[in-house]
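Please read the structure below before turning to the comments.
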Amino acid sequence: SMPDDSKSDEKPSGSDKETAKDSVFKRPSVIPKHRQDLLKWNGWGYQDSQFAVTNQRTLTFTGQRYQLSGSEMPALVEWMEKALGASIDQRSPAKFTRPENIPPPVQVNADFMSAIRQLGLSHSDAGPDRLFRGHGHTLEEMFTLREGMFPRLPDLVVWPTSHREVVELVNLANRCGVVLIPFGGGTSVTGALLCPSGERRMIVSLDTSQMNRILWLDERNLIGRFEAGIIGQDLEARLAELGYCIGHEPDSLEFSSLGGWVATRASGMKKNVYGNIEDLLVHVTFVTPTGVIEKSCAAPRVSVGPDVHHLIMGSEGSLGVVTEVTLKIRPLPQTRRYGSLVFADFASGVRCLRELALRRCAPASVRLMDNEQFQFGHALRPAASGWTTAFVDAVKRFYVTRVRGFKPDELAVATLLYEGTPEEVAQQEALVNSIAANHGGISGGEENGRRGYMLTFVIAYLRDLGLDYYCVGESFETSVPWDRVLDLCRNVKLRIKEECRSRGVTQPVLSTCRVTQTYDAGACVYFYFAYNYRGLPDPVHLYEEVENAARDEILANGGSLSHHHGVGKIRQRWYSRSVSEPAVAAVRAVKSRLDPNNVFACGNLFEPAGGPDGQTEQKAKL
């Protein structure tokens, strides 16, 4: 509500300001405790948001949460038919439209149950609560929810509300012989949340979502202390009310948690200005079965032996659980401007991004799409709102393809986001456009940049649409030195298509990539691939074989095992190859010392105790 006019120029008193700030610090999350009240149980995101076929045989995006919401995309159906051989006349409806056959708890530790009741810890053994926390968002996990059920789910969900309660819970689990699997936002795409089906002990999901407060802000030193369960969109929205931001925007910002960012060494779209999570983190509190790990001060840099922060970041729930994090904060940028660049081909765009990185002038976000992904993004364009819009689009196409001579089936597009003062943004935009021109690039306009950036948050919903029409798809990422970017992109995309054809896929295969983050020495590359599985017996197994082959190709071309998704369970087979056997032995030794009773037996990073064969026990039964 608007303030009374007579008092509009009055500044709040000190106590009023503190009261207002305190209400922001403690505001409840937009994601409810019982996630099934708002989110899909068998797909990505909000229940009211999805791609749906209209009576006019076109596609629309439902709900009101996104820029694309309520829009019709007349070109998307045609694109699906051409790129994947899919037809909206051939549906593959899910076997289950509501959660059924949820297995009951397998193990119930009476001593543990008695103790958490005595401690007053909030908990639930209800099927939907357990199901939501027994999986992440890999293709296999989503397919399982549509067609079957997981062989093992957490036996209980516990919601601690503070660091102290987490310490009590971890100590209790250690005494009682109970397994804990930390849960933040549930957006893992590495199988990290799947329960080891061979585990004989009680498995408890330690859900940090009720630990979502801002504990304090130090506006003089520009740092803040936050509980680890806070969701990304809550964190940024609350800070914005106080004039600050973190600037960490992973694609999963709406649903992923701060603790999850730390545990997986996350990266965000705006890392060129704000940094990755390791650049933002100042201090972290980490609870293990043998004690709490934290540094004695929150100084900007220390030299006191190996950095324990880097032991915690990337631990993926296998050593303990993050409870509180101190991060750098920044004043909200005065200006936020989008842009886009069009290049004759992907190679020209890569050379431009390389120069931007070399000259340290890259915008907050710069992402380069190859031609296949550009065509895909173009298919997501809403219907033109009037003849003026259609005319302007036609003029732009004429200029790009006829005047500049760019070929529609070869050109590549970069989307840009600038943040800073008006003067900084203007200077940076001029410099970026000048560098792009040296590589044959031209401006594609602000609106295309805005659309490209915002599409990031709706692309994940497309997988659910694909599954309804016999199409499976997924994304995976890597990082690679600059001199190998083009070879890696070309070879991996070809390998994907070859592997699909050799396994009986007869319809067109979507194999595409984009460069999403840039560094002095290299870049992050995202791959997307999908295929039509109509008539094939085991689409998920086929998909896994193709992705594994693609991962082998990535490593053979000098790419990393992962840039920011992590290892989890699905990439364990390459872990020792990626870091060396002595390094794996060192991490195992740390695990043995911090968690001798294997309380955090999530099975991530390392192969299960049974060796490679134990991995198959964790596969979901379709």
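In case you wondered, yes, glycine gets a Cβ from its N, Cα and C as well.
Positions annotated as region 'Disordered' by TrEMBL: 1-28. Look at TrEMBL and you will find 1-25 tagged as compositional bias 'Basic and acidic residues'. Residues annotated as domain 'FAD-binding PCMH-type' in TrEMBL: 150-332. Residues or ranges marked as FAD binding site in TrEMBL: 182-188, 264-267, 316-322. Residues or ranges marked as site 'Important for enzyme activity' by TrEMBL: ARG367. Annotation source TrEMBL lists substrate binding site at ARG463. Feature annotation from TrEMBL assigns active site, proton donor/acceptor to TYR526.
Around SER188 (FAD binding site), the C-beta neighbours below 8 angstroms that are at least 6 residues distant in the chain are GLY136, HIS137, THR138, GLY260, THR264, GLY566, GLY568.
Across the domain 'FAD-binding PCMH-type' (150-332), the model assigns an average pLDDT of 97. Put simply, ARG367 (site 'Important for enzyme activity') is 32 Å from PRO182 (FAD binding site) when counted between their Cα atoms. Spacing of ARG367 (site 'Important for enzyme activity') relative to TYR526 (active site, proton donor/acceptor) is 10 Å (Cα to Cα, whole number).
Annotated pair GLY317 (FAD binding site) and TYR526 (active site, proton donor/acceptor), C-alpha to C-alpha distance, rounded: 24 Å. All protein chains included, TYR526 (active site, proton donor/acceptor) registers 20 other Cβ atoms within 10 Å of its own Cβ. Put simply, ARG463 (substrate binding site) is 19 Å from GLY185 (FAD binding site) when counted between their Cα atoms.
In sequence order, HIS248, PRO250, SER256, GLY260, ASN276, ILE277, HIS564 are the residues of the chain that are 6 or more apart from ALA266 (FAD binding site) and have a CB within less than 8 Å of its CB. GLY185 (FAD binding site) counts 24 other C-beta atoms within 10 Å of its own C-beta, drawing on all protein chains shown. The two recorded residues the residue listed as 'active site, proton donor/acceptor' and GLY320 (FAD binding site) have their Cα atoms spaced 29 Å from each other. Here GLY320 (FAD binding site) is positioned 32 angstrom away from ARG463 (substrate binding site), judged by their C-alpha atoms. Listed in sequence order, the residues of the same chain lying 6 or more apart from GLY320 (FAD binding site) and placing their CB within less than 8 Å of its CB are VAL170, PHE286, VAL287, THR288, PRO289, ILE293, ILE312, LEU594, ASP595, PHE600.
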